[in-house]
């Protein structure tokens, strides 16, 4: 238990109020925050004017294009960012637009991975934030609602991809017909292991265990097929479980698998997921880490295959901070920051020995990962160097990427040539993390001192107390919400036990119905099938919702949405 809980304590540090280190270096945080806000609206308004209802804006030609499935994707991805910036009226308007205009019953081949993180994740986050945004929610929220139903509908369209002998999903699915007969069985590791955050949230809110079940099965299949030295490759055949690309690293094709082991562990209080990540972390340090850089190695031998840094790897220091490894995180972050300073952005590939870009990988599509790590690390350390990265990012993106109709992908950091694309993650992630870096008082940084008590059909529920888990598209999930929609089942078990006791006329334990029973450590979406009588009869705390001393660790997270030290 100590091994599992100890690393998570850093999440508490991330929620602490920011210090005054920025003032010591003369950086005007409020000014940069407003510049980031202006960047958002410059991009967002031009998307609405020139590209909606297409997925993305093409900023050089001031028009739009569909990229990931014709979902008005930028609108979904930007929705929770609107609320983080404080724009409740536009949030409410967009919710209505999405309900009326988005249809998933279409003959489109969609990426299972991208649809999950952007569409399902974006809709779930917006659903859970709806009440805070002033939306008139329906009775039963957060266990029901139009955005939740949309998220569930989108996720169900992805389920046919998981129907493989291994449980690992195909990479692409047709939203109308399922998996195409000729679909390639080769999927990247991240495309298999990046579902537990969204799918477990869906299962807990809807009561349908199928989503969490398939996500867990896919995670465990990857774990089962790791090499003898503890590494996973880049691409695998989901039918035969044979590794097709055997390069092991922390970057493209693998990245969010590791991220979701940690975030899934925190979200679900799951020791097994954290244990899996910590074992991977040992192998990663042993075989891929050199002078605080992480290289690519052969997954079976551990020999270096690519001595490169990929921009997608820049999420790693933020992930390290979540497990409490802040010192190593800062050292690696500073390595990556030197690359940013060299080019005014992170090239997709950077040759570490040569200290320069890799041919045909010189671009920077306005990715968020280094800014994401800066945000996490600043919450943990208040080191002003991290704000300086934010400042540099604002200056670089505005100088190089800003055009009349938005912000354009940088095709080549060497000569600042641009490409005619603005990916939806620019508004979902890059802008959001920049804004949160410069906004220490944002409700996303809540330390638990402020919260909402919501009455649901299952009892009272405490929400919006902080501890948000960001999915890999930066859509925040309130972990407390996962415990709002479970009481009915437990009450039914208690009633069954009471009736059994009554009819047997045996003097056994005395059971009482509680308004908000605690959730035992083994609870997950399989409870409906696997829960034993012993679990159903487990003790319930007699303390009120807001008193924590005698509650289990899981319940403390459920009550206040943040991590507490369990001294029991």
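We count from 1, first residue shown onward.
The backbone N, Cα and C atoms fix where each Cβ goes, glycine too.
Curation plays no part in TrEMBL annotations; they are all automatic predictions.
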In TrEMBL, of the candidate ranges 477-512, 513-548, the one given as region 'Disordered' runs 513-548
Distance check, please: Cα of residue 369 (active site) against Cα of residue 472 (Ca(2+) binding site), rounded to an integer number of angstrom. 10
Whole-number Å only: compute the distance from the Cα of residue 255 (active site) to the Cα of residue 472 (Ca(2+) binding site). 10
How many neighbouring Cβ atoms, not counting its own, are there within 10 Å of the Cβ of residue 348 (active site, proton donor)? 21
Smallest number of other CB atoms within 10 Å: among the active-site residues 114, 255, 369, that is 114
Between the Cα atoms of residue 114 (active site, proton donor) and residue 348 (active site, proton donor), find the distance and write it as a whole number of Å. 19
For residue 472 (Ca(2+) binding site), list the number of other Cβ atoms lying within 10 Å of its Cβ atom. 25
